[in-house]
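Asker: I have a structure I would like to understand better, so I am pasting it below and will then ask my questions one at a time.
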Amino acid sequence: MLKIIIPTAMLMPMTWLSKPNMIWINSTTYSLLISLISLSYLNQLGDNSLNLSLLFFSDSLSAPLLVLTTWLLPLMLVASQSHLSKETLARKKLYITMLITLQLLLIMTFTATELIMFYILFEATLIPTLIIITRWGNQTERLNAGLYFLLYTLVGSLPLLVALLYIQNTTGTLNFLIIQYWTKPISTTWSNIFLWLACMMAFVVKMPLYGLHLWLPKAHVEAPIAGSMVLAAVLLKLGGYGMMRITILLNPTTNQMAYPFMMLSLWGMVMTSSICLRQTDLKSVIAYSSVSHMALVIVAVLIQTPWSYMGATALMIARGLTSSMLFCLANSNDERVHSRTMILARVLQAILPLMAAWWLLASLANLALPPTINLIGELFVVMASFSWSNMTIVLMGTNIIITALYTLYMLTTTQRGKYTHHIKNINPSFTRENTLMALHLLPLLLLSLNPKIALGPIY
Amino acid sequence: MLRRTLLLGLCRGPLGRGLGTHRGGSILGKVEGRGGYRGSWMAPSSSSVTFRTQDPAHDVKTVGRLGGGDRDGKMSEIKKKIQSILPGGDWNPLYDTSHLPPESSDVVIVGGGVLGLSVAYWLKKLEKPRGAIRVLVVERDHTYSRASTVLSVGGIRQQFSVPENVQLSLFSIDFLRNINEYLAVADDPPLDIQFNPSGYLLLASEKGAAIMENNVKVQRQEGAKVCLMSPEQLRNKFPWINTEGVALASYGMEHEGWFDPWCLLQGLRRKVQSMGVLFCRGEVTRFMSSSNLMKTASGEEVNLKRIHEVHVKIDQSLEYQPVECAIVINAAGAWSGQVAELAGIGKGPPGTLQGTKLPVELRKRYVYLWHCPQGPGLETPFVIDPSGTYFRREGLGHNYLGGCSPTEEEEPDPGNLEVDHDFFQDRVWPPLAQRVPAFETLKVRSAWAGYYDYNTFDQNGVVGPHPLVINMYFATGFSGHGLQQAPAVGRAVAEMVLEGHFQTINLSSFLFSRFYSGEKVQEHNII
């Protein structure tokens with residue numbers, strides 16, 4: 001594990017000591033190399049985990065997420081070059097340092113063995129994200145957005161600390177590798193119900209669950225492009241990952257306690273998809289679609305069947321790449337027209353045909369077109385929830401239809417339509433942007449050839 | 001307290017914005033008014049801002065809705081601070097930016113007169129998903145002390161020679177007649193623009209009679225109701241007229257008259273604020289633009305510019321705010337030429353498209369108000385003499401408004417709005433007294449001066465995008481008939497911005513490119 005952590009940590013002094021015209025090149029290249037190192041962790045041994053040390057381990061659930069995280073750093077750096085070009089050198093280096101710190105903390109979070117260490121790093125990832133949103137965001141509302149983001153997540157996760165300390169006291173260890181064999185079924189007393197809530201609250205806010213999702217549209221819309229990418233791709237998956245780890249300790253209370261959250265997720269899925277249909281801000285559409293898909297993951301994790309766990313993992317990886325790509329596309333629009341409103345930039349297919357191809361592919365992936373892993377994830381979750389209760393198929397089916405509706409609405413509004421005069425002179429697509437889209441899409445398409453990497457520990 | 005909560009409830013009801021909008025609007029709503037800046041949540045009746053009189057200055061700090069008392073003021077200060085810190089308020093820990101415009105806006109309208117507000121209204125009305133476009137209106141003088149809108153005589157007529165002008169006025173009068181359907185705001189009293197449908201009477205001498213007949217034919221084709229009168233018919237209908245030198249007269253029988261421009265302006269302002277348009281008190285000092293060298297289909301190279309930032313300078317301060325924008329609308333009236341120069345329009349070798357300036361200038365015009373007890377009665381239309389002198393009835397007490405456009409040689413200096421009373425004695429009174437003998441004895445009560453946004457090219461408006469600065473749209477240059485065509489022009493510009501072409505009234509002959517190609521749309525009936 002050190003072979004990833006030390007290079008990532010050393011990226012920081014490298015950024016500060018680079019020559020001004022080499023900061024982007026150096027950081028992007030070396031972070032790409034680090035992501036290639038992390039690919040070796042995908043070679044998992046069956047049911048068991050790869051125990052790297054007393055502190056770090058990786059199994060088939062955390063390895064794909066780890067690779068996603070390390071893959072995303074070079075992509076974030078490539079995406080941020082344009083909007084940072086007018087900042088001073090020190091600010092650029094500071095921004096890159098924030099991204100690298102966030103990367104470091106995320107790598108350690110996904111591979112932590114001790115749950116307390118996981119918790120500390122989970123909280124620590126909030127700080128660089130907050131700094132990125134509030135310092136480099138676009139508008140005055142970013143302060144509000146940062147506040148919402150910070151307070152929602154903090155308040156949600158404080159009970160988790162108490163719960164973890166309690167579990168440490170009763171079971172004597174919080175090392176995940178040990179505790180998964182040491183769990184006893186817990187009875188349904190009031191204190192155990194509160195314990196369950198305390199454990200779950202943090203992750204449920206992070207996912208986010210429908211009733212607690214207010215911070216997400218604000219944070220995603222006001223964040224700069226790299227902030228949006230890392231939020232959508234990785235930070236939301238922290239919630240899913242944490243939930244999947246911690247539900248092992250909480251049987252069988254989950255069977256009763258999960259009902260309200262299941263209901264909220266099922267209903268929220270359809271609700272947020274419908275909200276997407278009425279959104280006018282491009283980034284807002286993508287943010288709400290993130291909420292909608294993560295609601296599927298919540299449903300899957302709370303059902304706790306093998307198929308649903310496979311679906312949840314696949315969906316998390318797929319969403320990571322898809323929503324990050326959609327944010328990059330929205331950002332390329334924003335940089336040209338200087339506005340995020342969808343109706344002000346239309347007929348882009350006629351002016352930027354290659355970008356239209358990327359838009360099409362990203363939208364098709366968002367729609368869960370076969371054979372992408374988006375479809376595998378959604379399909380597994382739908383099937384598992386159908387076997388849990390037949391009625392859920394109605395809501396899931398509605399959600400799939402509305403997802404298709406708003407994705408196509410987004411596609412046709414930006415790519416087709418009537419020509420207006422103020423988009424006559426937008427810049428053609430840069431190679432940098434095309435590379436960015438290709439690097440997002442390539443893993444997604446390759447995974448559809450070999451999805452078992454992304455299907456998690458149960459496969 | 002109860003009244004405040006009731007009003008808060010009433011405030012939020014009809015506007016009903018969702019919680020997750022990207023604007024991050026205040027859920028609690030701001031009950032205090034601030035000169036109309038944060039308009040998205042307030043129904044104006046509940047705030048301390050009134051729209052019937054002049055707006056209080058935007059930097060009113062105390063709220064004092066419940067009456068005076070210093071303790072009341074302090075309590076509401078503290079409440080305001082708490083409200084702004086809670087989630088949902090726009091709290092900036094570093095410094096107070098509430099007087100500054102937002103950092104980005106989709107459309108920035110330079111100029112908050114009737115044309116600018118009309119464009120804002122129609123943009124918000126015609127946008128397909130409701131609440132899609134963020135509009136910012138930048139107006140440097142919220143008292144409108146030098147704006148052409150409020151200093152105007154307020155007439156509306158369809159008697160133009162260009163068919164598009166007739167169509168514009170026909171739609172505008174329909175707008176004005178149904179103004180309370182268009183501009184209704186919940187909980188606010190209906191508007192009364194005091195429309196006097198007395199009609200216009202244009203008189204023509206022998207020379208102009210043939211042109212007048214042609215014009216009337218065009219007007220009738222477009223649907224205006226105009227009748228031609230011979231001198232005897234004139235004498236029958238209006239016995240106070242001296243028809244010497246008049247060969248023909250055209251009298252508008254319907255949809256013509258005059259109204260109160262201040263009321264239209266305030267009605268538009270109130271409605272536009274309720275639709276979510278932001279107002280800013282400042283002056284546009286700079287446009288930051290980026291340009292691209294592109295090739296046309298025939299292979300020649302053009303430099304297309306796009307304005308991506310507008311620098312708005314706050315009044316009486318050196319502070320300015322760069323506003324990132326996608327579209328800029330130049331509705332600055334008489335000062336549109338200066339705004340266009342800021343955008344680089346006209347900077348190039350003369351005779352090329354780059355070197356074609358926006359030919360809109362300030363021209364000063366005087367309006368005189370006099371009293372004449374034996375003057376014409378209540379049926380007096382808006383009379384326009386062949387010499388260019390005009391007058392109309394004002395009120396019910398034998399007061400009349402009138403003036404005359406000076407010739408090119410005697411144009412007054414537009415540096416200030418001082419009135420030249422000798423102009424009345426020398427140029428306005430003699431033709432008036434000749435036309436209406438009763439006006440030989442009159443007493444001038446008052447006078448004022450206002451600016452025309454005079455289009456030196458052909459005295460007709462400029463509408464639509466600029467061919468080279470591709471995201472600047474014009475809505476200016478109407479040379480004295482802007483107020484009466486404002487609603488229709490606003491709709492045309494909004495259609496151009498949202499759809500890319502004119503949908504209802506085809507104003508393609510009013511585009512900027514006619515200044516380069518030299519095709520004049522000469523309007524003969526300009527007063």
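Note that the numbers count up from 1, one per residue, in the order the chain is shown.
Backbone N, Cα and C define each Cβ position, glycine as well.
In case it helps, TrEMBL gives these features for our protein:
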- A:1-109: domain 'NADH:ubiquinone oxidoreductase chain 4 N-terminal' (DOMAIN)
- A:21-42: transmembrane segment (TRANSMEM)
- A:54-73: transmembrane segment (TRANSMEM)
- A:94-110: transmembrane segment (TRANSMEM)
- A:112-402: domain 'NADH:quinone oxidoreductase/Mrp antiporter transmembrane' (DOMAIN)
- A:116-133: transmembrane segment (TRANSMEM)
- A:145-167: transmembrane segment (TRANSMEM)
- A:193-216: transmembrane segment (TRANSMEM)
- A:228-251: transmembrane segment (TRANSMEM)
- A:257-278: transmembrane segment (TRANSMEM)
- A:285-303: transmembrane segment (TRANSMEM)
- A:309-331: transmembrane segment (TRANSMEM)
- A:343-368: transmembrane segment (TRANSMEM)
- A:388-409: transmembrane segment (TRANSMEM)
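Would you situate these features in the structure and describe their surroundings?
Answerer: Counting residues 6+ beyond its ends, the transmembrane segment (A:116-133) has Cβ neighbours under 8 Å at 55, 95, 98-99, 101-102, 105-106, 108-109, 142, 145-146, 149-150, 153-154, 157, 160-161, 164-165, 168, 174, 176, 202, 219, 222-224, 226-227, 230-231, 235, 238, 242, 245 in the same chain.
Taking Cβ pairs closer than 8 Å, the transmembrane segment (A:145-167) reaches residues 115-116, 119, 122-123, 126, 129-130, 133-134, 137, 174, 179, 195, 197-199, 201-202, 204-206, 208, 212, 214-215, 218-219, 221-223, 249 in its own chain, all 6 or more past its ends.
For the transmembrane segment (A:193-216), same-chain residues at least 6 beyond its ends with a Cβ under 8 Å from one of its own Cβ atoms are 122, 145, 148-149, 152-153, 155-157, 159-160, 162-164, 166-167, 186, 235-236, 238-240, 242-243, 246, 249-250, 253-254, 257, 261, 264-265, 267-269, 271-272, 287, 290-291, 294-295, 297-298.
Counting residues 6+ beyond its ends, the transmembrane segment (A:309-331) has Cβ neighbours under 8 Å at 61, 64-65, 68, 72, 75, 79, 83, 220, 225, 228-229, 232-234, 236-237, 240-241, 244, 282-283, 286, 289-290, 293-294, 296-297, 300-301, 340, 355, 358-359, 362-363, 365-366, 372-374, 376-381, 383-384, 433, 436-437, 440-441, 443-444, 447, 451, 454-459 in the same chain.
Using a Cβ-Cβ cut-off under 8 Å and counting only residues 6 or more beyond its ends in the same chain, the transmembrane segment (A:388-409) has close neighbours at 266-267, 269-270, 273-274, 276-277, 285, 289, 292, 296, 299, 303, 305, 363, 366-368, 378, 381-382.
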Asker: When DSSP states are grouped into helix, strand and coil, how many residues of the domain 'NADH:ubiquinone oxidoreductase chain 4 N-terminal' (A:1-109) land in each?
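Answerer: Once the DSSP states are binned, the domain 'NADH:ubiquinone oxidoreductase chain 4 N-terminal' (A:1-109) shows 79 helix, 5 strand, 25 coil.
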Asker: Would you kindly list the residues that approach the transmembrane segment (A:54-73) from elsewhere in its chain, counting only those six or more residues past its ends and only Cβ-Cβ distances under 8 Å?
Answerer: 1, 4, 8, 31, 34-35, 37-39, 41-42, 44, 48, 99-100, 103, 106-108, 110-114, 117, 176-177, 229-230, 233-234, 237, 241, 244, 313, 316-317, 320-321, 324, 439, 443, 453-457, 459
Asker: Looking at the stretches A:21-42, A:228-251, A:343-368, which one shares the most CB pairs under 8 Å with the transmembrane segment (A:94-110)?
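Answerer: Counting Cβ pairs under 8 Å, the winner is A:228-251.
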Asker: Can at least 3 Cβ pairs under 8 A be found between the transmembrane segment (A:285-303) and the transmembrane segment (A:228-251), with each pair 6 or more apart in sequence?
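Answerer: The transmembrane segment (A:228-251) and the transmembrane segment (A:285-303): touching, yes.
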Asker: Using a Cβ-Cβ cut-off of under 8 Å, list the residues of the same chain that are 6+ residues beyond the ends of the transmembrane segment (A:228-251) and lie near it.
Answerer: 61-62, 65, 68-69, 72, 75-76, 79, 99, 102, 106, 109-110, 115, 118, 122, 125, 129, 167, 176, 179-180, 183, 185-186, 195-196, 199-200, 202-208, 219-220, 283, 286-287, 290, 294, 297-298, 301-302, 304, 309, 312-313, 316, 319-321, 323-324, 327-328, 331
